[in-house]
Amino acid sequence: MNIRNARPEDLMNMQHCNLLCLPENYQMKYYFYHGLSWPQLSYIAEDENGKIVGYVLAKMEEDPDDVPHGHITSLAVKRSHRRLGLAQKLMDQASRAMIENFNAKYVSLHVRKSNRAALHLYSNTLNFQISEVEPKYYADGEDAYAMKRDLTQMADELRRHLELKEKGRHVVLGAIENKVESKGNSPPSSGEACREEKGLAAEDSGGDSKDLSEVSETTESTDVKDSSEASDSAS
């Protein structure tokens with residue numbers, strides 16, 4: 001099972017999933033409105049064959065008088081794939097994206113008063129709180145619970161995770177820098193010392209300097225080749 005960000009080509013299959021699972025249905029343009037306006041916030045669950053078995057359709061509320069907050073427009077999981085934790089994972093992923101992309105402080109939704117399974121998920125698992133009852137919210141006249149989930153704790157956890165990740169990155173970089181500095185301060189290898197001695201000998205000699213230079217160049221070339229081969233075999 002895979003959960004990923006919804007793409008434009010997923011929207012028609014999301015609508016099909018909605019029609020199978022929920023009485024609250026939307027025109028295709030409403031899915032495109034979400035997908036194009038807030039592409040980071042909607043997610044789908046797909047099976048091993050890449051078939052969509054669940055989705056969450058989410059957006060940010062555009063209220064200048066309130067703190068930044070998101071809204072879950074629709075959540076659905078096909079009956080064949082329920083009780084696998086997909087709804088919770090979809091909701092958490094959408095909430096996390098709201099925090100990371102828009103600094104959301106809370107997320108809201110509406111749910112039918114008669115939908116006990118959804119109420120249990122929202123209240124007991126996802127820590128949503130009922131904020132008010134909206135009479136006759138649905139087309140058939142049923143009341144809705146307006147619910148909110150505070151995202152402060154999730155935001156703090158994400159922040160700590162990023163801090164630990166950044167700290168770990170600095171530790172790795174520090175170790176690399178120390179290793180480079182240690183290598184730079186180490187004494188020359190036996191091969192390098194040998195080449196230096198031969199170079200000095202060539203400078204001190206008179207008429208034989210040309211021959212010694214040729215010998216030195218030949219030896220240096222051989223040393224480099226041998227060193228390369230040893231390195232390859234060691235790796």
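Positions of Cβ are set from backbone N, Cα and C atoms, glycine also.
Taken from Swiss-Prot as is:
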MOD_RES   MET1  N-acetylmethionine
DOMAIN    1-152  domain 'N-acetyltransferase'
REGION    1-58  region 'Interaction with NAA15'
MOD_RES   LYS136  N6-acetyllysine
REGION    178-235  region 'Disordered'
MOD_RES   SER182  phosphoserine
MOD_RES   SER186  phosphoserine
COMPBIAS  193-213  compositional bias 'Basic and acidic residues'
MOD_RES   SER205  phosphoserine
MOD_RES   SER209  phosphoserine
MOD_RES   SER213  phosphoserine
MOD_RES   SER216  phosphoserine
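Positions of Swiss-Prot features highlighted on the structure.
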| residue | record | Cβ within 10 Å |
| --- | --- | --- |
| MET1 | N-acetylmethionine | 13 |
| LYS136 | N6-acetyllysine | 10 |
| SER182 | phosphoserine | 9 |
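Cα separation, SER182 (phosphoserine) to the residue listed as 'N-acetylmethionine', rounded: 48 Å. Across the structure, the residue listed as 'N-acetylmethionine' and the residue listed as 'N6-acetyllysine' are spaced 37 Å apart at their Cα atoms.
Across the region 'Interaction with NAA15' (1-58), DSSP classifies residues as 24 helix, 15 strand, 19 coil.
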